[in-house]
Amino acid sequence: TLVTAGIYLLIRFNMLLIDMFFFKFLLLLSGLTMFMAGMSANYEFDLKKIIALSTLSQLGLMMSILSMGLPELAFFHLLTHAMFKALLFMCAGVIIHMMNDNQDIRFMGGISLYIPMTSLCLNISNLALCGIPFLAGFYSKDLILEMVSMSNLNMLIFFLYYFSTGLTMFYTIRLLMYLMINDYNLFSIYNLYDEDYIMLKSMFLLLFMSLITGSFLMWMIFNYPYMIYLSFNMKMMVIYVSLIGLIMGYLISNMSIYSLNKFLMTYNL
């Protein structure tokens with residue numbers, strides 16, 4: 001609510017702002033915000049900071065699609081993003097609490113052995129954030145990127161959109177590798193108990209919502225379907241970018257025993 005208040009205000013006031021020069025400036029600025037937040041999340045080792053930077057990236061996506069003059073699409077993405085991001089924050093809070101208030105993802109690993117249900121919720125909400133087809137995030141994100149492809153925009157904005165989508169996949173796979181694939185590192189104090197069943201009740205509700213709410217809201221709130229006419233490669237561009245991001249995130253997070261992220265070697269650039 002607090003994060004998206006400005007987005008919602010601009011959605012409500014979009015009739016005042018339309019066809020202003022400010023909107024063109026806002027498109028560039030929010031595209032750069034998406035890019036910056038996605039790049040920052042790749043270098044981050046704090047669990048909450050990664051999720052907060054991914055929220056910032058999605059807010060940049062909402063602002064940029066709003067500044068292209070499609071406010072109901074921005075509102076649709078805001079609602080679907082609210083579902084899985086709330087679930088993601090709840091799962092991260094459970095994990096941080098079970099790790100004895102330790103937030104560093106290098107100290108975690110193999111969580112799926114100890115808290116499988118929480119890891120399931122975390123992974124599904126993360127993949128919905130990536131835009132895996134037929135989860136919630138796919139409907140809004142795919143429609144946004146296809147509307148960008150339909151629009152008469154220059155190469156920079158196009159590159160920023162698609163590259164930021166690839167970066168979303170990138171830091172999600174990195175987070176998944178750090179949390180799930182490794183063995184438990186035993187760096188922090190061993191405080192993993194079974195499951196937080198009080199949290200799981202609401203987490204399963206949000207899990208259900210982050211599965212169905214994309215298609216449901218798309219059926220509910222658009223009174224006029226968007227006409228999208230693209231070639232096959234342009235239509236599949238979202239899938240291509242997601243696959244490239246998945247492969248890159250997997251290759252870079254192939255970790256040594258000290259959990260050195262290979263991507264950090266490019267940090268001085």
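Each Cβ is built from the backbone N, Cα and C atoms, and glycine gets one as well.
TrEMBL entries are annotated by machine, without manual review.
What you see is a predicted model, and the numbers here were worked out from it, not measured in a lab.
The domain 'NADH:quinone oxidoreductase/Mrp antiporter transmembrane' annotation in TrEMBL covers 1-166.
What TrEMBL lists as domain 'NADH dehydrogenase subunit 5 C-terminal' is 171-265.
Here the transmembrane segment (20-38) has Cβ contacts under 8 Å with residues 53-54, 56-57, 59-61, 63-64, 66-69, 156-157, 160-161, 163-164, 167-168, 170-171 of the same chain, all six or more residues outside its ends. What TrEMBL lists as transmembrane segment is 20-38 (among others).
Among the features that TrEMBL reports, transmembrane segment is placed at 50-70 (among others). Tertiary proximity for the transmembrane segment (50-70) is limited to same-chain residues at least six positions away from its ends with a CB under 8 Å from its CB atoms, namely 3-4, 7, 10-11, 14, 18, 23-24, 26-27, 29-35, 37-38, 40-41, 44, 77-78, 81, 85, 88-89, 92, 105, 129, 141, 144, 147-148, 151, 153, 157, 161, 164, 167-168, 171-172, 175.
Taken from TrEMBL, the feature transmembrane segment covers 82-99 (among others). If you look at the transmembrane segment (82-99), the same-chain residues 6 or more away from its ends with a CB under 8 A from one of its CBs are 4, 47-48, 51, 54-55, 58, 107-108, 111, 114-115, 118-119, 121-122, 124-126, 128-129, 135-137, 179, 188, 191-193, 196, 199, 202-203, 206-207, 209-210, 213.
Look at TrEMBL and you will find 111-139 (among others) tagged as transmembrane segment.
According to TrEMBL, the feature transmembrane segment maps to 159-181 (among others).
Taken from TrEMBL, the feature transmembrane segment applies to 202-222 (among others). Below 8 angstroms of C-beta separation, residues 72, 75-76, 79-80, 83-84, 86-87, 90-91, 94, 117-118, 120-121, 124-125, 128, 134-140, 143 of the same chain, each at least six residues beyond the ends of the transmembrane segment (202-222), sit close to that stretch.
According to TrEMBL, the feature transmembrane segment maps to 228-252 (among others). Packing against the transmembrane segment (228-252) from elsewhere in the chain are residues 130-133, 141-143, 145-147, 149-150, 162-163, 165-174, 177, 261-263: each is 6 or more residues past its ends and has a CB under 8 Å from a CB in it.
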